[in-house]
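*Asks:* The ATP binding site annotation in TrEMBL covers Phe12, Lys35, Arg67, Thr147, Gly148, Asp149, Arg254, Lys260, Asn285, Asp286. Per TrEMBL, the feature Mg(2+) binding site maps to Asp282, Asp286. Taken from TrEMBL, the feature domain 'P-type ATPase C-terminal' covers 308-550. Sequence annotations record features per position, and here TrEMBL assigns transmembrane segment to 339-360, 372-391, 421-445, 484-506, 512-536. Residues or ranges marked as region 'Disordered' by TrEMBL: 646-681. Per TrEMBL, the feature compositional bias 'Polar residues' maps to 667-681.
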Amino acid sequence: MKKYEILNVNEFNSTRKRMSVVVQVPDGGILVYCKGADNVIIPRCANKDGTALLEEHLKTFASEGLRTLVLAKRVLTSTEYEEWNKVYQAAATSLVDRDALLDAAAELLEVGMDVVGATAIEDKLQVGVPHTIFSLAKAGIKIWVLTGDKEETAVNIGHACRLLNDSMQLLFVNREDIAGLTDQLEYLYRMEAIQKHYKNKTVAEDIAIVCDGKALVHFFPSKTLSSSDQIKAKELRQKLLVVASVCKAMVACRVSPAQKADIVNLVRYNSRNKPITLAIGDGANDVNMIQSAHVGIGICGQEGVQAVNASDYAIAQFRFLQRLLLVHGRSNYKRIAKVILYSFYKNMALVIVLFLYNFVNAHSGTSVFESFVMAGWNFFLALPIIAIGIFDEDVSPEQAMSHPTLYTTGQRNDDLNIYRFSIWIANAVFHAFVSFLLPLAYVMGYPTHAFHLQGTTIYTGLLMTMNCKVILETMSWTSYNRGFIIFSIALFFFFLGVYPHCTFLSWDMWGIPSILLSSGIYWANFFLVPVANFLVDLSLKFWVKFYCPTEADILRERLVMGRHMSSKVSCDVSEVTKTQVLQQDPVAKQNSVQRTPEQIEADKRAGVRNLSDIQYTGFAYSSPNEEANERGHRDTASLKVDLLQQSGRRDEEKASRGQSAGHIDMQQGSATNNHAVTDME
């Protein structure tokens, strides 16, 4: 057994992309062993013999989806080591810029090496990654994969995670010189398909872009460059963003941590539709990217907890991102939207009643409500809407995950926009009018000096209307929802019974509850006002859901009727009718560009290739995955046919009743409002 003594270690970091150790062999000699990325190690080798064959093998390994490293060594004399060790020790003990000094010391050592060989390892994706990315893409989320792997490995990973497919056209941005990169990007920018999709604000489902880290250097140059160079770089970034925003997906390879953050910032601050960005990663290399995005997610993995500590959310596996976004993200958006709209609605209704009362009190400005009663308005009505904000679900988690297109409601702001806000405000005005005018003829018979009798009667009817509104907006009932509504009403009557006896606060309500509770007018108002408002709202809601149902409405209906779809496979109506739309829609026909042989040759020179023309044989293309994909496609096609058949039966049933069938638009929005940037290292 031979014993090797480790003298020094130059640690790996994402900037150097390599590490090295200095060892002393048993015979007293000193060797330097170094491993790292091929584009870093090979240029530092003195002897280039055999590197061409090595690079060919590396490309073959990368095409098979394997992650590669190149190994090299260098023989040191005792004198060389002693001189270098002084520099290393000085850097290791420095109190200022220690990391930079250690990198500089390693730079002196890791030169003039000889190639030893290369390694290739298969780093398979986590369980559920392909399905998760496929579902997120169906949800209208644009996914950009940023990785430090080679170009071939990155494309293989993109195919393995179902981000890319054989029918896609790949646009490569990989020129290292600024002139060649400018020409290449200009050609891609002026492509007919890119310009048409950008003008129409649509996404090219059959185009993806692959960008190399060496090219990204020119997009995000050093700030020390001249102003003219900075302007050129800005123009390049804008063109890259235009091309990438049109493409279905982007894969960036050989990127550094700083470049990952630069890409996130580019999308976040320069996109024309101002998207919400999300970055997810599991290593220290992803910290800058995670912190640059609107939402940062760290994965607890084998690479430490730096990403988790820097993130907004932490998950154990990548596949949990699907539930985090499609279930919790969507549900929280809809809940918050209801809470916000209801908060404006209930306060607007109260204010409108005060406004209307001025027309019957000679515009004296007197409030129809006693001060403490009016102050308790939000207190009495707080719990019912809180229950909606915590527990409400319009569809089950399984349905939300199996139908990703439900997520697009948040991207389109369907639940919280000016139109929806105006409807709620109009509803508040209507309820205020009904709650004030319906009992007006009766309450005006009360003595003039006891106007709080009138106010409390109106107040009670309006409060019951607010609770009926909560009942109507509740999509999933729990014991908390029922209990909070009952408690809200009970709390008001408890207050009504106790407060008049607190004469140290006010005498205005003294004796009023006993009069009201023994009055038939009061109890008639207690039931008639909320019922009148509730029936109108219920009729409108029925009309909307019958003639203009959403995808969630259809899913709930199918669940009730016992014909809901399997929760394991996503079904998107827009995909089912995609061929029909292409045949009927002239814009879709224009976007389907036919290329001439001259254009095909020009595309090849500019780095445009079809994925089906590139030979890859890695784990992403292995037979088990192909069988699984084929089986999944068969299942999906079967479900789509089933949905079309059931939709046809639904239309026939409505037509037979002489009613127009509702139309559901499940097609994804043309401008995506979410970007997810993932690290696949």
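The backbone N, Cα and C atoms fix where each Cβ goes, and this holds for glycine too.
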*Asks:* Would you mind listing the long-range same-chain contacts of the transmembrane segment (421-445), meaning Cβ under 8 Å and 6+ residues beyond its ends?
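*Replies:* Contacts with the transmembrane segment (421-445): 341-342, 344-346, 348-350, 352-353, 356-357, 360, 453-454, 457-458, 461-462, 465, 469, 521, 524-525, 528-529, 532-533, 536-537.
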*Asks:* Do any residues of this chain, six or more beyond the ends of the transmembrane segment (339-360), have a C-beta under 8 angstroms from a C-beta of it, and if so which?
*Replies:* 366-369, 374, 377-378, 381, 385-386, 388-389, 416, 420-421, 424-425, 427-429, 431-433, 435-437, 440, 444, 455, 458, 462, 465-466, 469-470, 473
*Asks:* Let me check the 10 A CB neighbour count of Asn285 (ATP binding site). How many other CB atoms are there?
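*Replies:* Excluding its own Cβ, Asn285 (ATP binding site) sees 23 Cβ atoms within 10 Å.
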*Asks:* In terms of Cβ proximity under 8 Å, which residues at least six beyond the ends of the transmembrane segment (512-536) contact it?
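*Replies:* Sequence-remote neighbours of the transmembrane segment (512-536) are 430-431, 434-435, 438-439, 442-443, 450, 452-453, 456-458, 460-462, 464-465, 467-469, 471-472, 496-497, 500.
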*Asks:* What is the one among the binding-site residues Asp282, Asp286 whose Cβ has the most other Cβ atoms less than or equal to 10 Å away?
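*Replies:* Sorting the candidates by Cβ neighbours within 10 Å, the top entry is Asp286.
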*Asks:* For each of Arg67, Arg254, count the other CB atoms within 10 A of its CB; which of these binding-site residues has the top count?
*Replies:* Arg254
